[in-house]
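Trainee: I'd like to ask some things about the structure below.
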Amino acid sequence: MDYRMCWLEYRGLPADVAGKLKDWFSSVSILEPGSSVLKDEIRRFSERSIGITPRFYSRPLKKEKYIMVGRLESLPIKLDVNLGEEGFMLRTIEWNGSKILLVTGETKKALVYGIFDLMKRIRLGEDIEKMNVLAKPKAKFRMLNHWDNLDGTIERGYAGNSIFFKDNRIIINQRTKDYARLLASIGINGVVINNVNVKKREVYLIDSIYLKKLKKLADIFREYGIKIYLSINFASPVYLGGLDTADPLDERVARWWREKARGIYDYIPDFGGFLVKADSEFNPGPHMFGRTHAEGANMLARALAPFGGVVIWRAFVYNCLQDWRDYKTDRAKAAYDNFKPLDGQFDDNVIIQIKYGPMDFQVREPVNPLFGGMEKTNQILELQITQEYTGQQIHLCFLGTLWKEILEFDTFAKGEGSYVKRIVDGTLFDRENNGFAGVSNVGDSVNWTGHDLAQANLYAFGRLAWNPDEEIERIVEEWIKLTFGDDEKVLENVSYMLMKSHRTYEKYTTPFGLGWMVNPGHHYGPNPEGYEYSKWGTYHRANWEAIGVDRTSRGTGYTLQYHSPWKEIYDDINTCPEDLLLFFHRVRYDHRLKSGKTLLQTMYDLHFEGVEEVEEFIKKWEELKDRVSPDIFERVKERLHMQLEHAKEWRDVINTYFYRRTGIPDEKGRKIYP
């Protein structure tokens, strides 16, 4: 095997712990037909962590201690619990003269989740004799979006090539199954396997030439409770069907999609549905035919509805041909302006997928006002696990801290307590089909994610999607212990690095919600005016005196899309959170912040501080040289040194840019290039 298994590397447990577990794992009763996945995982854990090979039975046992795995309905013990479709229970009980650790749920996938959770808890030191866990996911949809292309490349991928595709073929191998294991262990239940930008070759993924292989892929993922989805091109009836239109209100088009859906479900009965990027960045959509997003999405949804499928429709729609001289058009307003008027017009099996912020996964953005703005529409929160604008898995940038802030944001849509996490789990507006989507950071590299520590982003996404109330510090501790073991120094140093890393990255790149000071196209490295005169609506409009776009009620009016009190808070430069100051306001460089320092001096200071913090990360990592495996140590060390050099470049380019703009030097006399 030429890759590691991230947090599922089952290492040997301490001898005293393994000794206590041997009695439990020597005999396992699995009351579930077709339970090879359950047996395989238990066997793998037992052999590697405990040092024994368990014997499996399909009946209750007469034994002092053992594990029993089965659906609630198949247990010889009657339990009055409501677990739902995906919830599970781990409970140690005494029954019929035996001590039994029960792993139970109402479905097979619940048992899979339960087994992975049991292994995790044992590895984290919990006592099997006192196990009492009842866990249910908060959100129905917990998905990964792969931006993988059939040729094997990955759009915005920084961890090698696709694990799904190569040379226009679908790949199925041992790594496919291991990926399903990784995802099931963190509660992911859906995977979109191809890029939302569906090119001419990818259009054929819904055709019979690929469906036979897709069926095999779906069969593997199904065993782990995961449905597969496909991104589609809205104009497929033209490209594939030979029609002269893709108008969603044309009956020929609707019929074509109904027949195509039937063909897919003939191969994959539990196919999840379609992800659609329409009328966005030159992708075709219903606007081409004078139709609304609701009309386009509903037509597709009705083709899938008889089979239980859903349409996930991205809200990433804006004018991508803006003239930089146009001061009235504001890209930040686009998603709300396009979709808010359609609230309540989408079918029940349509879900609008909304990026966390109104722009495009910048280092920091405000929460998208569509969260709280659409009460009658299913919504999925889209987060970007892959680090397109946050260091591309060369820089250490743990995103879990940012995601937690987003989830805890109170929209005030129904008064105080209207948190984003309550919107995406469906409870605030009583919506069933809500959830999470994360743009995957996975490729075929040895560590799956390019940077070994970027695995923490994938792990944190899954854990937060399962339970957005989980403390991020706990998630970080779990990942470190599962990945590196129980070394306290490793836990201390890596936790420090992860928890600080996003703020550090923000400091030496674009603080204050500035954004977009990157090189066009590939989005790596500093370029203060790389997008300043482009068609993409990505402007900061810096001159010698001030910087930032006025998005207040006196400017573009973006602040008016929020509920009170946020519209008033963001509208006032004195109450606007400073970490978003330049997103909402045009600010003079001599404006005094709460610290008493000017905006410009703070900008200088932050960029120097950010570099110093990366130097600190390197020292922290060097202290772990003999405490983590040599290959991981060297890979992370190499990336941290690359990060340091690139952070210095960011510091010098951005500070020089502002110095040359303003002529105002750094008060502390540090090196800035005139």
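Backbone N, Cα and C atoms are what each Cβ position is placed from, and that goes for glycine too.
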Trainee: Quick check: of Arg175, Arg258, Arg331, Arg554, which does Swiss-Prot put in the same substrate site as Glu155, Arg156, Lys277, Arg314, Lys355, Glu382, Glu506, Trp536?
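Mentor: Only hit among Arg175, Arg258, Arg331, Arg554 in Swiss-Prot's substrate site, alongside Glu155, Arg156, Lys277, Arg314, Lys355, Glu382, Glu506, Trp536: Arg331.
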Trainee: If you measure every Cα to Cα distance among Glu155, Arg156, Lys277, Arg314, Arg331, Lys355, Glu382, Glu506, Trp536, the residues said to bind substrate, what is the biggest one in Å?
Mentor: 29
Trainee: Tell me which residues of the chain lie with their Cβ under 8 angstroms from that of Glu388 (active site, proton acceptor), as long as they are six or more apart in sequence?
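Mentor: Listed in sequence order: Arg156, Phe361, His523.
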Trainee: Counting Cβ atoms within 10 Å across all protein chains shown, which of the binding-site residues Glu155, Glu382 comes out on top?
Mentor: Glu382
Trainee: Of all the active-site residues given, Glu281, Asp360, which residue's CB has the most CB neighbours within 10 A?
Mentor: Asp360
Trainee: So which recorded positions are near Asn197 (beta-D-glucuronate binding site), with CA atoms within 10 Å, out of Glu155, Lys277, Glu281, Arg331, Glu382?
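Mentor: Cα within 10 Å of Asn197 (beta-D-glucuronate binding site): Glu155, Lys277, Glu281.
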Trainee: Tally every other Cβ atom lying within 10 Å of the Cβ atom of Arg331 (substrate binding site).
Mentor: 20
Trainee: How many other Cβ atoms are found within 10 Å of the Cβ atom of Trp536 (substrate binding site), counting all protein chains shown?
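Mentor: So the Cβ neighbour count for Trp536 (substrate binding site) comes to 18.
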